[in-house]
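If you scroll down you'll find the structure; I have some questions about it.
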């Protein structure tokens, strides 16, 4: 009986594992192929499409069939052409819809970033929109592949050549040169590519710095006093603690005005360089140029536990220092922008999902950069092209059938290539700090010594401090709220 239960459980587990292994996979219509080799017979490295797969992309398959065509599927099913409303039912046919046994997902490759040298905002934009190989031609071919007409100038027969780039408000317009004559229907109505709504986001991981100029610590003040034991017994169970607040003065300059346009997506902490410890934060969604200096304050302390013989005193010395650091820095800012295609669509074939044939004027905007919405995202539409009705904009399957998968992948990779602009400047900081509290050899005392300028502190057990602290002088050196205390040690 126990064996039967175990066997039943094993069968259930096996069934679950098989169900997981057979989870549905997307069928990309651009990879479907019709073979006329007989019922349920496909070419090498292809297999028949089953009923469920055909149903998931039925509109795409029917769109590729003749009016009264009937073609086979796997397991004794057929799919019928638009004259039969794409009905799928049991039957047989001499041709078969097939799909690769190892289909390519056709993902858009991610290229390395296109780095633009540092400059002001107009410099950065100008360099991008005038780059023929990396920008003008890829965006022109995108418009051409989608079905826009006349994406080139009058003096060239090739897409993306003889293009004019003009300033348009805060953006730029790329359009084929219209000088001289041209032949063809509405050849003077050149497709335009508008580049606008530029935005720049700081990449904190891109930080680099040049040669660091860092001073050795410079002694600015030495404070000397005494720890005095007036009692008849040695004192060693007390901590002498110096506490103070100190500010690190820092500043940064930005070489070009682009920094005013650069924002931080998340809270940004300035990287530590050298020995100067500094905590600088720029809040999320703030301009990089909104904070070019400051004096963050840090509370610090130093302690020592001296042993003072009876009726003795030991010298106590505190040294105060300052240090400074400076270096050139560079960050990268991710550049995003809107790409608006405007023109009329070719009647002989275009990729708008309804494939109009009346040459309509069409405007469409893609966002190159962070995701905004489905309508403007090339990557979203491309990745969901296997779901009929989900992408109500461009028929990317059609572009693949017309131009080939590798061609479209290569073009879209160039269009979506990340763009980064350099942000450069100079950074400097100065900080103050105290060295260790140093103690010297004990000296016998005949009587307590008092000074009007000394800080006289007692632990109440015979140990007291006489150390001169001039608050005004120390504040001028960058040390505030300075205090000395003598307290019983917590871990005697």
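Heads up, the Cβ atoms here are built off N, Cα and C, so glycines get one too.
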Under Swiss-Prot, which of the candidate ranges 346-355, 356-365, 366-375, 376-385 is annotated region 'Interaction with glycans from host GPI-anchor'?
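Per Swiss-Prot, the stretch marked region 'Interaction with glycans from host GPI-anchor' is 346-355.
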Would you please say which range out of 17-33, 34-50, 51-67, 68-84 has the annotation region 'Interaction with host N-linked glycan' in Swiss-Prot?
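The listed stretch tagged region 'Interaction with host N-linked glycan' in Swiss-Prot is 68-84.
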Measure from the CA atom of residue 374 (site 'Important for heptamerization') to the CA atom of residue 182 (disulfide bond) and give the result in Å, rounded to a whole number.
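About 37 Å separate the Cα atoms of these two residues.
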Compare the C-alpha of residue 42 (disulfide bond) with the C-alpha of each of the recorded positions 155, 187, 374, 390, and give the closest one.
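Nearest listed residue in space: 390.
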Can you see whether DSSP assigns residue 390 (site 'Important for heptamerization') to helix, strand or coil?
coil
Work through the recorded positions one by one (155, 187, 374) and name whichever has its CA nearest to the CA of residue 98 (disulfide bond).
374
If you count CB neighbours within 10 Å, which one among the disulfide-bonded residues 98, 182 has the smallest count?
182
According to DSSP, how is the region 'Interaction with glycans from host GPI-anchor' (346-355) divided among helix, strand and coil residues?
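Grouping H, G, I as helix and E, B as strand yields 0 helix, 1 strand, 9 coil.
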Using DSSP, what's the helix, strand and coil tally for the region 'Interaction with host N-linked glycan' (68-84)?
6 helix, 7 strand, 4 coil
Just give me the nearest neighbour of residue 374 (site 'Important for heptamerization') among the recorded positions 155, 187, 390, Cα to Cα.
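Spatially nearest to residue 374 (site 'Important for heptamerization') by Cα position is 390.
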